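Quick look at what Swiss-Prot lists:
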ACT_SITE  Cys130  active site, nucleophile
BINDING   Ser21, Lys45, Ala46, Asn99, Asn127, Lys165, Ile191, Gly217, Gly243, Gly244, Gly265, Thr266  FMN binding site
BINDING   Lys45, Asn69, Ala70, Ile71, Gly72, Leu73, Asn127, Asn192, Thr193  substrate binding site
Amino acid sequence: MERLQISLPGLEMKNPVMPASGCFGFGKEYGQFFDLNQLGAIAIKATTKEARFGNETPRVAETKAGMLNAIGLQNPGLQGVIEQELPRFDDYDVPILANIAGSTMDDYIEVAAELSQQRNVSAIELNISCPNVKQGGIAFGTVPEIAAELTKEVKAVSAVPVYVKLSPNVADIVAIAKAIEKAGADGLAMINTLLGMRIDAKTRRPVLANQYGGLSGAAIKPVALRMIHQVSQQVDIPIIGMGGIQTAEDVIEFLLAGASCIAVGTANFTDPYTCPNIIRDLPHWLDRLEVQSITDLIGGSWNE
């Protein structure tokens, strides 16, 4: 349906809906529920240089309006993804956004250089919420200069467009977004999870083995909307919006805030049909709002 089509750097999308990285595995897990060709794009699970087994359990905890996770970037590593996971997409006609993570800048550069050359990778998503071991564990995405340097280095080696996934756990997300844009990013993805925790009143101990985890789901939607609304008016690159999206109405809100497309995360765990249901319902919302194209809604809430 043409009225749902979105064209972004590296991503020619039949609709503005994709699953968020880390909430859809490598796709095959959800292929048993619906045809993945329905999706606008697929953001796959983070890839690191070496295989990671993740954090100790328990590493997931339910909250009243979402969930906490401290998975620890579990994945088969760069070669495992290239040899085992990416070939599965040969049978699909959907752009693939490959999320990458690392502990050092060199890790990111090596993974981006090789992963971006793979035939099924349409764009790179840079996860800058990871701790930088050479900077005392400070997350790459919390300091504008470091985030910009990482973006510039990855852009220099990537064969495909680069989107940078922003952490909301910062003092000034606009400053970081502008620094990343200046460094050459093709787009942004926001927001990643908010740092949170749960404590078991009976044991008096944190519920997660890692103590703290990323909060996602409906609880963070207002924060995501606010940050996207602020950032989108200060940059000229597209934004993949995410954070608590469950329905087509949520999608409309994110587009009005300034996102160009969206990613569904936690809702995939509670209902594997969330993405196709949203895609089904979007045309009805366009009719209701008397809008011909989904692109007409982008930034519609900005003050003129």
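A Cβ is built for glycine as well, from the same backbone N, Cα and C atoms used for every other residue.
Features recorded in Swiss-Prot, as mapped to the structure shown.
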residue : record                   : Cβ contacts under 8 Å, 6 or more apart
Ser21   : FMN binding site         : Ala43, Ile44, Lys45, Ala46, Leu97, Asn99, Glu125, Asn127, Lys165, Ala263
Ala70   : substrate binding site   : Asn55, Arg59, Val60, Leu208, Ala209, Asn210, Tyr212, Gly213, Gly214
Gly72   : substrate binding site   : Arg52, Phe53, Gly54, Asn55, Arg59, Asn210
Cys130  : active site, nucleophile : Leu73, Ala101, Gly102, Ser103, Ala139, Phe140
Ile191  : FMN binding site         : Leu166, Ser167, Pro168, Ile173, Ile220, Val223, Ala224, Met227, Ile228, Met242, Gly243
Thr193  : substrate binding site   : Asn69, Ser129, Pro168, Gly213, Gly214, Leu215, Ser216, Ile220
Gly265  : FMN binding site         : Pro19, Ala20, Gly22, Cys23, Ser216, Gly217, Met242, Gly243, Ile245
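For the recorded substrate site, residues Lys45, Asn69, Ala70, Ile71, Gly72, Leu73, Asn127, Asn192, Thr193 set the reference point as the centre of their Cβ atoms, and the other residues of that chain within 8 Å of it by Cβ are Gly22, Ala46, Ser129, Gly214. Of the residues the record lists as binding substrate, namely Lys45, Asn69, Ala70, Ile71, Gly72, Leu73, Asn127, Asn192, Thr193, the two whose Cα atoms sit farthest apart are 16 Å from each other.
DSSP gives Thr193 (substrate binding site) a coil state; it is part of no helix or strand. Of all Cβ atoms in the protein chains displayed, 22 besides its own lie within 10 Å of the Cβ of Lys45 (substrate binding site). The record assigns Ser21, Lys45, Ala46, Asn99, Asn127, Lys165, Ile191, Gly217, Gly243, Gly244, Gly265, Thr266 to the FMN binding site, and the maximum Cα to Cα distance across that set is 20 Å.
For Ala46 (FMN binding site), other Cβ atoms within 10 Å of its Cβ number 24.
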